[in-house]
């Protein structure tokens, strides 16, 4: 009775500390700009790219939808006010903050139950809970529209589940409650929470490893108890843990992504992160339900896109490489946006002039030349008077690629390209649009057309370098596919085959890891290292408040948490960010 009463009191204190003046500040703070915006994407069913799995954002979107959020408030940047000048509320941000604060409160309740189950001490449980209640960082994280309180709740709930299930196992056969409905309930609860933890943030994998280590330790104890535990019973324990702690979390994780893909079916600016086949499933995208010729022919007009994440189109425009003659140096670049300058005509080389018929498909090993539709110039490796190729501007060990005038390209073998189809694809039926992946190998220079993720200098119009790569180590930048192909008069057409769910699942993870790799510290950021955390050597400043005039700024750090005090000479005139410490 005393334990239950204290549990209720602790929960009440926790929810009070999290909800006190939760409407303040009355503007977008910290990462609310990301997760509030993504909640709107779910409500509007608009596809987006993110570094985290979907569950946390789905929960925030559900809370927002229940509170009346229609997805129209954009959460553009920290500092954007939630109110109009006359005090009208623009979006129900308080409901969304309250939802996250409840998860932050439930985390405290879970800690109380964990410590009490382990120690059977009410004092230890109360002390642990109060330490969490008074932790400034935890209070801050729980009061904003963030993924952290949701993830932390599921992490602690996972630990609670495995602790409860373990406590039901005893060496005494009369008291052992293994395989009772109560024991199964806690084991299933643990598996569900593990799947949810991983579905909010991938850092939840550490909790999965912790629970896995606990389960292994339990099995090891059972293995050593030869008097009470038979091999058959040990096998049942092992199978139960595999089912509940491995397969169930995986099923939940995969199911969350299935729900994610089912909800988000509208096109957006983030489409560029995904492949052409993925884009064909999105309403409003140019490729949605688009019919294509079954094969690329020797007279096709097409756009080509690289298979890299954020794959760019092969692009050319009437701007020139510096310090080169214009007729030899029209820029060939990678461009992420669909544009009229992405279109190319395929023509056979002289030796294959007999294949001029429109409906003769291209095959692996065919020789072609590519002519830019808008400027009528040929794609070629650039060479000098001594028949030596020019170095690319950025990857200088590669050959420079340019569009050259067709008069200057006659008799030039450096404009001839050999098609090499990817090994696993059908080589006999011809090269198809979208599905078939191929390399373009320059016949004379013996290099492949290569797309990099490095931007050209200012003269490159903020576009990406395309060059000709002579090696094999970074060959992933050499693979291309035709995204759009103009059908000829007699060509048979077919709709783009949508990718399978597992293909989309794999691709979404590639995008997540790619975006995560691009999150790098900016110059001037105040950051901390892991060893700083234990001794509170330096705080990590991730956002701040800008004032027009400040008489002084004073930073005070204590061992429990880093708190920032700001003494102002005048009132704040403009807020562009909020949230104090990480």
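Every residue, even glycine, has its Cβ placed from backbone N, Cα and C.
No curator has checked TrEMBL annotations; they are predicted automatically.
Database features (TrEMBL):
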DOMAIN    293-349  domain 'MIR'
SIGNAL    1-17  signal peptide
TRANSMEM  94-115  transmembrane segment
TRANSMEM  122-139  transmembrane segment
TRANSMEM  145-163  transmembrane segment
TRANSMEM  184-217  transmembrane segment
TRANSMEM  237-259  transmembrane segment
For the domain 'MIR' (293-349), what's the mean pLDDT in this predicted model?
85
Run through the domain 'MIR' (293-349) and tell me, per DSSP, how many residues are helix, strand and coil.
6 helix, 28 strand, 23 coil
Residues outside the signal peptide (1-17) whose C-beta sits under 8 Å from one of its C-beta atoms, at least 6 past its ends, are 101-102, 104-105, 108-109, 112-113, 116, 122, 125-126, 129-130, 132-133, 139
